[in-house]
Amino acid sequence: MGSLDTNPTAFSAFPAGEGETFQPLNADDVRSYLHKAVDFISDYYKSVESMPVLPNVKPGYLQDELRASPPTYSAPFDVTMKELRSSVVPGMTHWASPNFFAFFPSTNSAAAIAGDLIASAMNTVGFTWQASPAATEMEVLALDWLAQMLNLPTSFMNRTGEGRGTGGGVILGTTSEAMLVTLVAARDAALRRSGSDGVAGLHRLAVYAADQTHSTFFKACRLAGFDPANIRSIPTGAETDYGLDPARLLEAMQADADAGLVPTYVCATVGTTSSNAVDPVGAVADVAARFAAWVHVDAAYAGSACICPEFRHHLDGVERVDSISMSPHKWLMTCLDCTCLYVRDTHRLTGSLETNPEYLKNHASDSGEVTDLKDMQVGVGRRFRGLKLWMVMRTYGVAKLQEHIRSDVAMAKVFEDLVRGDDRFEVVVPRNFALVCFRIRAGAGAAAATEEDADEANRELMERLNKTGKAYVAHTVVGGRFVLRFAVGSSLQEEHHVRSAWELIKKTTTEMMN
């Protein structure tokens, strides 16, 4: 086993300063280190387009290149930065690359980076209002701004024109957390409603989602203690463009109720990961209301598009759901991690998650006039996430953010038209936002004579494309068929990147088919 080398000669190149006091926040060092870090970031964004999107490294490569044990003695920061450049960057998958089309984007911006940097420097831990009033109030303000941009009902806002509302929001790390905390709240409400003593009735609770729902939902259900046998995955098909069919949902919920189970929670998705399908929010809410089940809307990706009036209809009926989450870190120029969860009645959430140890008690919390965000999440500690979201909205404004969304959608439309213009390919599902699902169609050539052959041809096309380093695309399975996903939205992408990727796809396909 490896061990810490305490021999000073092993690190003779990095001598420790004799008699120097350790000052990790020395003002001169902070300025020097951050200047170098900012220069690195700026250079990275200038050069990332020329880097292979996918790295050519093997598992364990980094331990072979860097020290297996931590150094005993100090090293100049320049040495640390040199190792970052020489060893870490070559092993990165470059999500910031304009040639990255594989997954939903992790967008970023100068304002978000600055906000995240400042929040990290302040390093506040705003678990209660008193622990950092500005951190809590900034988060509340940013969430209410975003709620207005999304035209959410005031019932989801922390503050209304009449003062503090009954609803509100919290910024979490991921959609997984948003689903987990709302599942816990729904679970507890259903247990109370069914007259169960504690968790004794947990085995009777049932939850529902379409088979296109993100896997994180099914994971969160297990974490919340739901019996896997009662987690319903409702089949979808081409007849509903792979969105959840309210009639099938009603059938499943009614069958469970008739069997003595308690329908507890329904997850509707606006913009599924596989194909960008949209579940009909209003109709789903109407079905769930028959059983007093909690309805959550997962709009992690496509929720950002709903700041544009032309996409807002995808949230119609949201006033009848219990919670909704969306992730600005996907498509709203705000770096990871930033998932915004809104609930119509915060008391239902805090009732399940509240903790009040003696050492956290204070007059502000006891007054009921403030929000203690620790009571809307799993943990207690939390980052100052609201700052970067506020800085993005304050710096760019609604119009620029809408322009960003519309530009990505327009570029996706360009790609969709290019695909439709080549009879070797087909667009598999309607393009609702900025994701195009396409494939080499069966019958396009000898290498794709049957549907099964076409599946293999598409798999080979994806692998060949990704090996070039010039583009990165991913796949999914829709209707039993292997499909390529082309997701537009990287912050540095322009139309010429989309067209270049298409030329590479055409060229590679021609080489394969011949």
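The count begins at 1 with the first shown residue.
Cβ atoms here come from the backbone N, Cα and C positions, even for glycine.
The active site, proton donor annotation in Swiss-Prot covers TYR359. Sequence-distant contacts of TYR359 (active site, proton donor), defined by Cβ-Cβ distance under 8 angstroms and a gap of at least six in the same chain, do not exist.
The feature serotonin binding site is assigned by Swiss-Prot to PHE104, HIS214, with experimental evidence given as support. Here the Cβ of HIS214 (serotonin binding site) has 20 other Cβ atoms within 10 Å, regardless of which shown protein chain they belong to.
Non-local contacts of THR175 (pyridoxal 5'-phosphate binding site) by the CB criterion (under 8 A, 6+ apart in sequence, same chain) comprise HIS214, THR216, ASP298, ALA300, SER325, SER327, THR339. Marked as pyridoxal 5'-phosphate binding site by Swiss-Prot: THR175, SER176, THR273, VAL380, GLY381.
Other Cβ atoms within 10 Å of the Cβ of LYS330 (N6-(pyridoxal phosphate)lysine) number 24 in total over all chains. According to Swiss-Prot, the feature N6-(pyridoxal phosphate)lysine maps to LYS330.
Under the three-state DSSP scheme, TYR359 (active site, proton donor) falls in the helix class. For the pyridoxal 5'-phosphate site, whose binding residues are given in the record as THR175, SER176, THR273, VAL380, GLY381, the maximum C-alpha distance rounds to 30 Å. VAL380 (pyridoxal 5'-phosphate binding site) is surrounded by 16 other CB atoms, counting those within 10 A of its CB over all protein chains shown. Neighbour count (other Cβ atoms within 10 Å of the Cβ, all protein chains): 23 for PHE104 (serotonin binding site). In this structure the C-alpha atoms belonging to LYS330 (N6-(pyridoxal phosphate)lysine) and PHE104 (serotonin binding site) are separated by 7 Å. Per Cα geometry, THR273 is the residue among the binding-site residues SER176, THR273, VAL380, GLY381 nearest to PHE104 (serotonin binding site). For GLY381 (pyridoxal 5'-phosphate binding site), the number of other Cβ atoms no farther than 10 Å from its own Cβ, over all displayed protein chains, is 10. With the fewest other Cβ atoms inside 10 Å of its Cβ, the least crowded of the binding-site residues SER176, THR273 in this structure is SER176.
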